[in-house]
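Worksheet for the structure shown next.
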């Protein structure tokens, strides 16, 4: 839905024209304030005099009525009189009848009232504008009204297409103008538009008509766009604003578009303005060519968020006009298709589930196959995209290879060197390249994760306890896992995830962040336990132990590198939110935050503290003997049945992880265009892990938060400000296979330099864990609502759920989510391996809890607002 705001001071003509505006489901906002009389106005000195007032207050405070009449406070009751009585009792006085005396505002010698600097400033402002609607303290009321106007239909309304075509040749453009004030911007536009106009009155008339005639001095008639946000609220499109007016002495319609060099703050709903469109129309013009009709045309064009990105990238006037012409033709084609309506309630019917047979897989292939070639082309389409692809490739390279090394070290310790770092890296390369080539959702990132490391430990413990060959038992569990995944895929069981809501995704994403944090500080505690103090040292000061392992400098350096990696990475990642440097340089620093943090801190650890003994993270093994298939004949039937049970539990973990990661990638706010592929992706994951299991390589599956971060890294975003809170809107995402493919090729090449990778301090690896945990919290609404427990209510952000859900219900829902998270952490971080086995089952049980139990505490309408995409 599109909306509009109308801010007007007075004038019956403006009200009559507003009443005749068209209204439709999809609308652009019209913010229109009728101009006041252009003559100078005054008021008797007695209205503002301080004499006879014991408290220094002015008795006659002006007030705005609902019909735009301004009344003095003493005569406020006269608003209910007849119009004739109103005119006689509240007539605006002309300058000839006496103006406001500045003397009455100044402190007098001998006991007169003395005002502070701020008060005198406001009075001087009132005096300068000679505004009868402002009291002596500088206060006034502004009456605003919102109007809805329909979007222009470029396929049916001939005038829309003609307007753009006729303006392309003689349109005035101001690209990268340095002005930041609304006066400076409008003056620059008028100077550009009115070149060649002989009538000297036109400039003054245009500026007078564009602004209100009061000390507020705001644009009188503007047009803006709003869009439906997640949860059913609406957001103002603050990237552009259109100002319009009619000018008596003008002979032809004129349009100027200004692209600002620096984003300008022009008011509450215009805090990040990048474009200003100024439209001037002769007063005597037919209705189809009025300023509102022209504004609707350009407003419809600028409401396309992707198109605005093309205008931002345009370097010359010709490029700018070419983009305008292209979007006009595109909109004519788009509007000619069947109208798509927005479902504000996200559907009232309950989701339905029906078991199929290969239907989901066939549908996914048909949906994704036509886009296969564009998946490569879209990653190399233009210069900006190439830069994005390079930065995202390097981000994925470091975000995948460093956890692989860390989990490889952990697996090697848990399995006594059977699952080595090299095996994890080979699994990463094989899984990543295969999925990048044939996967249905190439934005999904595969990785060997912390829950899989836990399962590896469980399998090794059981095989050691029952004297079973670990490699054969591991392979058998993996094959049963893949069998169950294939069955889930063939029977379309991924449709069960339609019952999953945002709350489950948020809980699981927050759990993964906690898991990364716990792993990092666990290893820190081990390091301090080993080096901070040697327990063999006797408390007797006379005894000396020469072979003491006490080396506190190692632990201090470990902590320095751990927190240093986190600090440097987060600082660079959030640098785009600072005012320093240019927008392009800030974006580059943010894109390369993780690689720069890892490289800098690794060099500091290795070269900056060379006198401190820092052990290598792992011992390289370059032999190729690991490439051999496992002999499964040594397993007994009892071991095989046990492997089947473990494989089923493991398949639930894969099923939930894969589908939740895919759901977050395909979240509506990411604006993915090429469709989903849940069933086909699950079958591809089964095939990849079947091959890895046969060679006793660690398994891989879709992971959080890497997959959503991959989407963000390839996205163009637009920042908006609402009541001081900054948030980002995704404009478009480059859906490409190139980034995953290139990054995993780099990981494969890195296998030739494992001796160099071994020099990366372990603390830097776990510092990267903390970086990923912290950056993934951005956009997690559960985490945002947890912060509200400690936030003053006046500082609550204007989110859709805060507007639509009672505060008590909102906090109740957050507490229920926290309770589920605590239970999940209790199982996931349990010291008992057998309890950890039921972690995936518990995750699956959260779905019926959300759909059947929680609605007993919170009404369904509130759940849709707070827990809907």
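Using N, Cα and C of the backbone, Cβ positions are placed for all residues, glycine too.
Note that TrEMBL annotation is computational and uncurated.
Between the stretches 374-393, 394-413, 494-513, 514-533, TrEMBL puts its transmembrane segment entry on 394-413. Annotated range for transmembrane segment in TrEMBL, selecting from 613-634, 635-656, 701-722, 789-810: 635-656. When TrEMBL is compared with the stretches 470-491, 844-865, the one noted as transmembrane segment is 470-491. Taking every listed stretch (394-413, 470-491, 556-576) in turn, the largest tally of C-beta pairs under 8 A with the transmembrane segment (677-700) is reached by 470-491.
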